[in-house]
Amino acid sequence: MADTAPPASPPDGVPPDAPPEAVPPDAAGPQAATSETVGPEDGAPRERDVTLRMEHASIAYGDVPVLEKIHGIVHPGEAVALIGPNGAGKSTLIKAILGLVPVVRGRIEVLGRTPALARRDVAYVPQADTLDPDFPVSVEQVVMMGRYRKIGWLRRPGRADRTAAAEALEQVGLTQRARHRFGTLSGGQRQRVLLARAIAAQPRLLLLDEPFNGVDAVSQHALLEAISVLKGRGASVVISTHDLAIAHLACEEVCLLNRYQFGFGPAEEVLTPECLRATYGGHALELRGDRVIVAQS
Amino acid sequence: MNWFDSAMHRALLEAALVGAMGGVVGVFVVARRLSFFTMALTHATFPGIVIAALLGINLLLGGGVFGLLIVAGVVMLGRGRGQDFTAATGVALAGGFALGVVLISAQSGFTKDLTAYTVGDILTVDTFDLATTAAVTCVVLLTLAMLGKELLLRAFDPDGAAAAGLPVVLLDLALLALVEMAVVATVPALGAILTLALLVGPAATARLLSDRLALLFPLAAAIGVACGLAGIWISMVADVAAGASIALLVGAVFAVALLLRRGVRRPRRSTALSGAD
């Protein structure tokens, strides 16, 4: 369902072919339907909770704007795919949702709180190949890292932490590799271990940065399965990816990004040839009207 | 006669303490690839110690304060974008050492000679030095034990640590300060140049022998202690410099571990190759 407001008309500098209204207008919807400030902990039932709310958010490193006017909402149990070319700002948006990069205009709210205050309920899955494969750490130790914030300072993992870590590892199908060194696993398996680490943290919002890059079919299947289990438990998921097919498969919503937001809404409505061509600035080829190939430059 | 009255006994105890501390701290130094930074730290501590000697204040205090300035500087540089961390560290290394030499050479009639600061003199450590080393060792090991899992996450996955809400800058500062304390406590025994041997060698050796983090700490500490004690014994028997003997032993043990590991690996690799052929 399209609980999103369309982006405001783009400012100067937007490519002329950018569609100003990529999403069916539904501006009256979300703000009216949900409370802005009440956290979900109070348990008060409401029409629909919001996990992630972005309101015309602009994000910048210092003086350099990276993303402008990002606008959309993610509900519990929903997944949104961030799609756009390299350097479009997908990773930056994930960092902003983590509160690691400042929002200079507009705002981003996670579970009714500022991103920095919501980190306990948010788990982040980095790209496996950004981590040192020589690091002397075992698979089970990596998964246990997901429990560190719940364990707290100066304390050691308890029985509940070990159980949670073991279950998380089982969910990604790597129980038998628990004692292996992290770096000895394949890229796809390492990515699954990192997802297990996030699952062990029992997040309400899961952020994955390019989780399917260089991942074999078996691991891709295991990742998708585990993500859908998390969604079934009411967690929201944000996945940055190049893979339109996976976006279709795993996500209800799609956010097209290339410095500006070129669309945010249900996959079938947003993944149109027009929107993709606009997002990729001419690097998208249309095949027979309804299929699109995106060429990475 | 008191056990501590013997220079030999004091030297042995000092060597065991700095060996154990260097080994444990070294596991983090190696895991975070801080070897070069630690080398700069040892050399930058040197002018601090010289200044303290000239002013007649505690040497460890002088070295410690100077080293903390370096730590703060490196953390700040590390946060800036586009800064060449390695280059800045290299400049600090040479500059710090040069400053120490200039200060010493400008001082005529200065009692302690340069070599005592550069390669150390473990046989002259007194009871106060020992007590200081023991206290620093306790503080460093306790702090590492308390912050262990957070430091581990920060070392393994910097972005993940920040994403989990850990105060990463404070953690970095804490780790560098611990390395600095270990350096300052080790410098009187091994000197500014040789201290690096105990802070990197045992941990690097342990890393060659095991992939398991939990084993690395006791293994590195044991290697450090063994090299320290054996080095003192060799220096007594062969009448050679104690600090250099320790550093040489550390190097030799590392070389043996490297050969052992190669030996273990080669058969596997050759079968894999023949299979591929």
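Numbers here mean position along the shown chain, with the first residue as 1.
Yeah, the Cβs are placed from backbone N, Cα and C, and that goes for glycine too.
Look at TrEMBL and you will find B:12-31 (among others) tagged as transmembrane segment.
Long-range contacts of the transmembrane segment (B:51-78) within the same chain: residues 37, 40-41, 44-45, 85, 88-89, 92, 96, 103, 107, 110, 112, 132, 169, 172-173, 176-177, 180-181, 183-185, 187-188, each at least 6 residues beyond the stretch ends and with a Cβ under 8 Å from a Cβ of the stretch. What TrEMBL lists as transmembrane segment is B:51-78 (among others).
Residues annotated as transmembrane segment in TrEMBL: B:85-110 (among others).
TrEMBL lists B:130-148 (among others) with the feature transmembrane segment.
Per TrEMBL, transmembrane segment is recorded for B:160-179 (among others).
Sequence annotations record features per position, and here TrEMBL assigns transmembrane segment to B:185-206 (among others).
What TrEMBL lists as transmembrane segment is B:213-234 (among others). Remote same-chain residues near the transmembrane segment (B:213-234) are listed as 8, 11-12, 15-16, 18-24, 26-27, 122, 152, 198, 201-203, 205-207, 240, 242-243, 245-250, 253 (criterion: CB distance under 8 Å, separation of at least six residues from the stretch ends).
The annotation transmembrane segment is assigned in TrEMBL to B:240-260 (among others).
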Test of understanding: applying the rule of at least three C-beta pairs under 8 Å (pairs 6 or more apart in sequence), is the transmembrane segment (B:12-31) touching the transmembrane segment (B:160-179)?
yes
Take a look at B:12-31, B:85-110, B:185-206 and tell me which one has the most Cβ pairs under 8 Å to the transmembrane segment (B:130-148).
B:12-31
